[in-house]
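Enquirer: Features from TrEMBL:
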type	residues	note
BINDING	10, 169, 170, 211, 212, 213, 214, 215, 216, 217	ATP binding site
BINDING	50, 137, 149	substrate binding site
DOMAIN	276-359	domain 'PUA'
Ligand SMILES: Nc1ncnc2c1ncn2[C@@H]1O[C@H](COP(=O)(O)OP(=O)(O)O)[C@@H](O)[C@H]1O
Ligand SMILES: N[C@@H](CCC(=O)OP(=O)(O)O)C(=O)O
């Protein structure tokens with residue numbers, strides 16, 4: 001048994017329709033039963049679900065499947081509500097509450113929106129609510145879109161710092177060639193690195209209902225594994241796929257992570273441009289350098305520059321030497337107000353708190 005995990009599960013249209021042209025209720029029941037089972041085993045689940053356009057098509061019954069953008073947006077707007085209604089109805093049978101979170105590319109580019117989305121997803125998980133994410137197709141077009149839900153699920157895995165991303169689809173995993181056109185293709189059980197050879201295996205755009213075929217799944221695997229999250233691409237028509245994967249069974253193709261998530265996070269912090277600096281007192285500098293501890297507001301003497309929550313800042317010892325870099329948990333103006341204060345006073349000073357640390361030890365890289 002692997003430990004308790006936070007898992008992002010991505011379900012493509014091909015899985016939700018189970019080879020038919022409509023959302024397949026029995027398939028949804030199976031999938032939600034699986035999610036309830038892994039939650040009962042102590043894991044956390046974040047769902048990224050496609051299927052809105054298909055659900056809209058079922059409702060409005062537009063005959064052709066190649067549609068204009070405006071029609072597609074209409075179908076998504078109509079279908080998203082129906083999709084959520086189905087999820088909510090079935091989830092209730094398993095005692096689960098669901099929440100809808102619609103995201104677009106800007107939610108990952110803009111730091112405040114990113115942190116807000118993260119807070120909402122964290123709150124859902126804390127309260128045992130199943131968040132169901134889709135792209136906000138009704139408002140996002142062109143550059144505003146992530147564009148496909150495989151890539152979106154990798155972004156969500158980073159956002160939620162997931163331990164595993166599971167992408168269920170209508171293929172049994174990554175094959176040596178598109179199994180639709182190459183019946184002799186064989187399953188690749190493990191991919192250590194997404195190399196050009198791996199990219200070359202992805203055939204065309206996949207099923208007529210799906211968006212990106214295997215190409216976008218490989219892209220998702222590359223994004224997530226670089227950030228330290230392993231990815232499993234597995235068949236959606238196998239009973240209890242999710243519980244079996246979380247129980248350690250090898251199903252489909254596993255893409256191995258590059259190092260740990262913490263290492264990836266620290267590499268990323270070092271690659272960011274610092275937006276400001278904080279000067280420490282002797283004791284705080286010692287705690288950071290010698291003990292690798294978190295940085296508390298009590299040890300801050302001065303804050304320079306303007307920065308938002310989540311921005312990278314330089315951490316400076318009393319003699320002026322930069323000793324670390326980290327992500328600030330507070331806006332620079334808030335930090336100025338709480339510098340020198342004990343952490344238990346934060347709420348009294350600001351009226352709210354984002355936790356006792358100015359920079360948490362997991363967000364701090366010593367130089
Ligand atoms: N090397 C490959 N291995 C497996 N499947 C592949 C490969 N190349 C292309 N595909 C195609 O990708 C399809 C899955 O993508 P897609 O239809 O977009 O699904 P989803 O709706 O789950 O995103 C498979 O049905 C398969 O035909
Ligand atoms: N956002 C769209 C799905 C986009 C998408 O990537 O589809 P798929 O390839 O089936 O996962 C919808 O809900 O219909």
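Positions of Cβ are set from backbone N, Cα and C atoms, glycine also.
Each of the listed features needs to be described in terms of its position in the shown structure.
Expert: Sequence-distant neighbours of residue 10 (ATP binding site): residues of the same chain at least 6 apart with a C-beta under 8 Å from its C-beta are 47, 48, 49, 149, 150, 152, 153, 165, 166, 167, 168, 220.
Annotation note: residue 149 (substrate binding site) sits in a helical segment as assigned by DSSP.
Applying DSSP to the domain 'PUA' (276-359) sorts its residues as follows: 28 helix, 23 strand, 33 coil.
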Enquirer: Hey, does DSSP put residue 10 (ATP binding site) in a helix, a strand, or just coil?
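Expert: Where residue 10 (ATP binding site) sits, the three-state DSSP reduction gives strand.
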Enquirer: Out of 50, 216, give me whichever of these binding-site residues has the highest number of other Cβ atoms within 10 Å.
Expert: 50
Enquirer: How many Å separate the two farthest-apart Cα atoms among the substrate-binding residues 50, 137, 149?
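Expert: Max span of the substrate binding residues, Cα based, is 11 Å.
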Enquirer: Using a 6 Å cut-off on Cβ distance, which of the binding-site residues 137, 149, 214, 216 come close to any atom of ligand 2?
Expert: 137, 149
Enquirer: Can you list which of the binding-site residues 137, 149, 216 have their Cβ under 6 Å from some atom of ligand 1?
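Expert: Among the binding-site residues listed, not one has its Cβ under 6 Å from ligand 1.
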Enquirer: Could you check which of the binding-site residues (170, 214, 216) sits closest to residue 137 (substrate binding site), going Cα to Cα?
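Expert: Nearest listed residue in space: 216.
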